């Protein structure tokens, strides 16, 4: 089967932003103008195509990254609409991993928000080329050039306007295209009757100034263009387009466009810019992976290369389990068998679909560069690689942040226990930042996630999709333990109870590991002091103790253990004896290594009228917060602080009452830090009291 669109004419893009920048509305308009939907859906009416889960339609926020295919100017455009709420960072993270380009949407009034910085950093992590759409230019207080300056200053981006608005706030009548050096005037409310016109005389000077800056910046990166520009002082529309595209793909240039998606202005020009400036799969670096031999290799974006794809999302739906994949190379056919190289398991491809939000189109194959979904995969989860059995490769996977908040959950009726277990399994398969575990002491089921809203929505989904009513406990902070110094540890387990005894003995050296390493085990046994078959069990004993902690029952992180010596008995030694000895040695070592308790610290940004600045700062300090920055702009104060998560429960209510309902805040995980001694002692004694 031949390709519908050559690879050069495919664009895999994401639309990313902070909450309320108008991202879902922008996606809706793109689908309307490119012919996927024939009626405009509004987020605040709860009718948007990409917001297809019931909770999204109710709350007006986008939770899951819906993948939709559309076309524009003979190009296939695959769009992923990503959530702006920080509790759903994994959705943004996983979409950035599989995209080739991003449209970052900013509100013309609010400008750069804390969540915008998070999304921008995620795009930086994966070196995703991007362009900016400054939306909501029809709103009171809209200021295009101010937002452009914020993007340069706060995001350290090489932002360059390629458009200017004609009028602003309620009088937005058109857009100046600096590349083509002309104006587009909107003649009807649907944005379908657009008149090309000369630049209005009152804006000629400003437009000429910005066009000169644009030509200068574009020419800087291209020797051929700089010569033409120095000689003639001018670049043609074609030369500018070529230079901007080069700049976006190679030099971090960020073209900035403007408009109002809600008022149907500027959206077709955004689509034109996607085609003109954002990369095709062949324009970005080939995906890297590791061969079974351990050698690094690449897979080029080419139908003739060996098949490779990354599963970036798993979803349960009425038709079965959908696994979203990004095709990197080769062709994937319906009915074929492939290899999950991450898990070393064979999978059968039952059906293949391309999505238009919650409508689907069955296809016989997916090709390099496509985004689609597979039905019928049994063992594949988020971040797994699928490839040919003859050409195995493991592609680089996703960065998955650790959950920071947990709650106990139980069904309202005993009969729902099995349903609850099914629901939790399905939800944790979909969302790798949602973890399910059982508390060994209380036997309660504990769910952990990225924030209160995240867990609230998951509990809501249990009720809607799985018909399980659940009771939820009070939120608990996910503390961690670690060590601050080095020491030796010894564990000797010897039991003699008639007949065969038990004997295991290990000596370890313990030291702090690099941050983010978790538990690191090194075997330095020489001369067979501990036989090979007992090293694995000893390591497992240590790992299990590590997971249940030593100080207060929280997982120990960033610990390096080196097995240096030990002894065994020909008859009495067993795997179980060495597992117990490993656990004993680990506990012994930790006690001598200055163990400490760590807590999740959150980056908090609070916005309120500046009359309340003193109260806001005072309140954050009383929550053990460290204020890291503050600014006042147009009577609005912004405070950035780092605050322990444990002190932030119920903050939304407190902030509302403190600021007469006019304060808003956003919060995201920053890092783990040591808990002050007096607070740690209280937590440890409380936990030991419960045990």
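Cβ coordinates come from backbone N, Cα and C, glycine included.
Classification of residue 20 (GTP binding site) by DSSP places it in coil, neither helical nor stranded. A 10 Å cutoff on Cβ-Cβ distances gives residue 20 (GTP binding site) a total of 18 other Cβ atoms nearby, all chains included. Positions annotated as GTP binding site by Swiss-Prot: 17-24, 81-85, 135-138.
As annotated by Swiss-Prot, domain 'tr-type G' applies to 8-282. Mean pLDDT, taken over the domain 'tr-type G' (8-282), works out to 82 on the 0 to 100 scale.
Secondary structure at residue 137 (GTP binding site), as computed by DSSP, is coil.
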